[in-house]
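Beneath this line is the structure, given in structure tokens, with notes to follow.
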């Protein structure tokens, strides 16, 4: 019985593979876009303009304080009401990039604040402009501090991407959900789905742990 | 968009939102209690000398950390009946939340205990303290204090994660919001009301965390 079912699940490998591809595509896209958003938000958050910093804080709090599932629904069901029609894939990428940006923004802001003020003062005294100070002095040091957290954040992102299956996107979790309708063995089907996630996430978790243990990012 | 928000409908559905809010609160509290218990056990197993018990604790933590909660939830939801275990959806949800958060709680407590320097224990021994005195007066107070803030952080994550239970048809806050959206075809009202309720919980927990860390600021370099 078990072997028969295993055989049937394995027979669905194109669906599983497609789901895995979707999960990876979503996560990588959201990581790239989310990093850009995150660095922008982080720099504003740690910046000297208090009003701007507060506004960014409020925005970030909204997305850190509500469940991701709700955010996916908001993007997918509310944006069309104001005339922005998105496909399920675009809605997934938008919601995932946005939430990734919010979390990365807080990490980056903390990293920037961890750079001693003397570094900036020295740069200013050497005649660097504000943009140069940020780009050449502060950010390179901040990035070294935050890299382990960023890797950890990427793991969270991959896992969060499973939630977009709720709007019908065929990712790895959704492909498991579809297969389990035909092969009624949840332990087997979602065991295989879990294995798929494990293979992607575990190396990243390992990397992030190793970096944390060393206390700094390795020279990549 | 917000100008056209139908507040009358939101007020009309306030009792449903309130019910969902209470339900989310209870599911999260039950899930967190289970997570604390599981986390303490897993942490204890991961620092004791028996190798295979240590390995099984590590395997549990890694398996949970490397897979999404939704897959874990479906694993139990579609898998338990297969083993002849038929549980109500809400209970399956609480078990999934506990199993999931338990792994993170184990890591938090473990890092608190491992952070104590060897010198503290040696100093306590040379002051003539017994094992129980050392545990009670030196090790646990230092180990547990820094874990409170991360634990509250984990509670925040758990409250948000509990929204996934709506996908196995447990009626909680997210589900309540969806019902308004479907009943009245007013997604904005339902989702906005739900989001506000979650934000209320988020800020409450953040307030507790802030008050705690303010009151218990450790002396010396942080």
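Note: Cβ is positioned from N, Cα and C throughout, glycine not excepted.
TrEMBL lists A:20-44 (among others) with the feature transmembrane segment.
Marked as domain 'ABC transmembrane type-1' by TrEMBL: A:20-208.
The transmembrane segment annotation in TrEMBL covers A:56-79 (among others).
Positions annotated as transmembrane segment by TrEMBL: A:91-115 (among others).
Marked as transmembrane segment by TrEMBL: A:136-158 (among others). Sequence-distant neighbours of the transmembrane segment (A:136-158) (same chain, 6+ residues past either end, Cβ-Cβ under 8 Å): 23, 27, 30-31, 34-35, 96, 100, 103-104, 107-108, 110-112, 114-115, 119-120, 122-123, 128, 197, 200-201, 204-205, 207-208, 211-212, 216-217.
Beyond the ends of the transmembrane segment (A:187-207), by six or more residues, the same chain brings 2, 5-6, 9, 16, 19-20, 23-24, 151-152, 154-155, 158-159, 162, 172-173, 175-176, 179-180 to within a C-beta distance below 8 angstroms of the stretch. Residues annotated as transmembrane segment in TrEMBL: A:187-207 (among others).
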Legend entry - Chain residues outside the transmembrane segment (A:20-44) and at least six past its termini with a C-beta under 8 angstroms from it: 52-53, 56, 59-60, 89, 92-93, 96-109, 111-112, 134, 150, 154, 157-158, 161-162, 164, 169-173, 175, 196-197, 200
